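Novice: Take this structure, written in structure tokens, and hold onto it; I'll ask about it next.
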Amino acid sequence: MATQQQQSAIKGAKVLMVGAGGIGCELLKTLALSGFEDIHIIDMDTIEVSNLNRQFLFRRSHVGQSKAKVARDAVLRFRPNINIRSYHANVKNPEFDVDFFKQFDVVLNGLDNLDARRHVNRLCLAADVPLVESGTTGFLGQVTVHIKGKTECYECQTKPAPKTYPVCTITSTPTKFVHCIVWAKDLLFAKLFGDKNQDNDLNVRSNNSASSSKETEDVFERSEDEDIEQYGRKIYDHVFGSNIEAALSNEETWKNRRRPRPIYSKDVLPESLTQQNGSTQNCSVTDGDLMVSAMPSLGLKNPQELWGLTQNSLVFIEALKLFFAKRKKEIGHLTFDKDDQLAVEFVTAAANIRAESFGIPLHSLFEAKGIAGNIVHAVATTNAIIAGLIVIEAIKVLKKDVDKFRMTYCLEHPSKKLLLMPIEPYEPNPACYVCSETPLVLEINTRKSKLRDLVDKIVKTKLGMNLPLIMHGNSLLYEVGDDLDDIMVANYNANLEKYLSELPSPILNGSILTVEDLQQELSCKINVKHRFFSEILNPVLNSVWFLIILPSTFPKLFHFTESRNQDGLSLDIILGFSNVTIRRVLTMFETGRRLTHPLLILFCHREEFDEEKEPEGMVLSGWTPSPATNGESASTSNNENPVDVTESSSGSEPASKKRRLSETEASNHKKETENVESEDDDIMEVENPMMVSKKKIRVE
């Protein structure tokens, strides 16, 4: 039972919720029933049919409407006396600035992507407002508390490559291939070959309620005398053509997004496919055989080959024809199986056609099968548990019970007989570039990299800045904003196409850049290190190690040793004789000619990194290591052995002894897999405690 003090704190609190999806619906309900009376909600998404099975505040009549607005209206029906304000907008919009965040006592996150989470984290730091972060994936979940100066911020620990991928509004605005896979697998395949009575988002073509649902249903119904190929073309034109055109009618949706391209079969396929192949007649497989395939008749043999739009369209039609010709008895009862060759071919083709429409890179059958076979569906119960934990931590924040703050993990299997694992929050990471003043180090080829590379790949992608400003000394090299005149915009755009060493204020080895984001009120320093060796040695450093020995006949040798890290390579050079200069040795490597000097031994060892190889030889470092106070190794080696992970269920251990607790047991980390979240709301950032102390970050 809450004390009078708790009730007063709850009643008078002004709370900001970011996200009104799976966690958000549960959270808003729990906040309202717990006594909170002033709640603001931000969410840019609209309601989809696929949301209805777990986002209980929404009904079928709400499909296409704002999640934030409908959630508000639903809660006000049973708590009419409280104040709830909704915003159907992107939290990164300029109106949600630091001053906007300062009005709240606590911010509660139920977001689905890293970019938005980082943005909210920085605004909370700038506004000095506590943040309660959360996420779920399947049966796993986590809730963390972030208080400026007292606990680590959301970005104090580096986030490993995502093991789960959020599928944001897969039916309307896909941005990744996995979104297209989920659409093809859970919507289109299920609609055509699964339970006909199960509603999904393909039943709704637009937000126009005047459109006939019966007309839409008729598209998916095949009459007995309808030619299979014509039926396939009808489905093709509906889902890839008319549905896309209907989506384009909503101008607000595409205001800041790339507009998709409607695709019709007549523009891609020949008039008739009957003469092109006769697979439905010549196929000798038995009815129901999972190995029936559309590929042989189309001359497609390699599953790792990337199909173009025409090939994907042919596979789409041919696979659909084979389902009706060879597996008709199964239609109406089929579910996707990654071992069903024809199902995988159909889903791959459909996903690739949709990806082509939305400007997303295509994938091979082999790649698509791997993605489609690792779908992790959302669990409503996990969302409810996490929402309750968020409210518990929010109440502690309002009471300022710092000693009682907990980071809580919801586990799939009991650990020490517990499914909920609470631990004390971590101290701020002194090496964090977001909540501390740690300078960054950027190793880059200043003569071959342009300012655009720095802005796009480092400042925006890696540092997550939205409105960056870049200064070198007193020279302003780049800035964005609505208040710039045309001349300034032209000058900054011209700078983007210049190499770093050729800018008005050249960026060279040893240059120190100041990078700021005025919207996030974030500023950091970047020390630039020019990567000279990568210009010449990269082409020859292809093997793991090699040894070159030249004739050694001269006395009085001296040794010069150079150890560097270049593109993941530890390089040791031992030179003999004083007149063997570095330049002459490099000339030998470039031309292939042997020098007449006594000795050259070159040892090369490739280091292993968890992140993907960076483009253009850029490496950003200086902010990724965990603080020594949390027990992480301070070694600079990337090949260090993994540190042991200590779990604490009671939170009684000192902060200096704790480790990052994984959401899953250590045994579950033995096999690295990529999980794909099939829903569109509340994705948990799975953090591997064995990987948080890496020194280098590879630029994606």
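Cβ atoms here come from the backbone N, Cα and C positions, even for glycine.
Okay, so Swiss-Prot annotates it like this:
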- ALA2: N-acetylalanine (MOD_RES)
- CYS153, CYS156, CYS432, CYS435: Zn(2+) binding site (BINDING)
- 661-674: compositional bias 'Basic and acidic residues' (COMPBIAS)
- 675-685: compositional bias 'Acidic residues' (COMPBIAS)
- SER678: phosphoserine (MOD_RES)
Novice: I'd like the number of other C-beta atoms within 10 A of the C-beta of CYS432 (Zn(2+) binding site), please.
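Specialist: I get 22 for this one.
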Novice: Near CYS435 (Zn(2+) binding site), which residues of its chain come within a Cβ-Cβ distance under 8 Å, counting only those 6 or more away in sequence?
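Specialist: The answer is LEU125, LYS148, GLU152, CYS153, GLU155, CYS156, PRO428, ASN429.
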Novice: CYS156 (Zn(2+) binding site) has how many other Cβ neighbours within 10 Å of its own Cβ?
Specialist: 25
Novice: So around the Zn(2+) site, CYS153, CYS156, CYS432, CYS435 aside, which residues have their CB within 8 A of the centroid of those CB atoms?
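Specialist: Output for this site, in sequence order: LEU125, GLU152, TYR154, GLU155, PRO428, ASN429, VAL434, SER436.
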Novice: Let me know how many other Cβ atoms fall within 10 Å of the Cβ of CYS153 (Zn(2+) binding site).
Specialist: 23
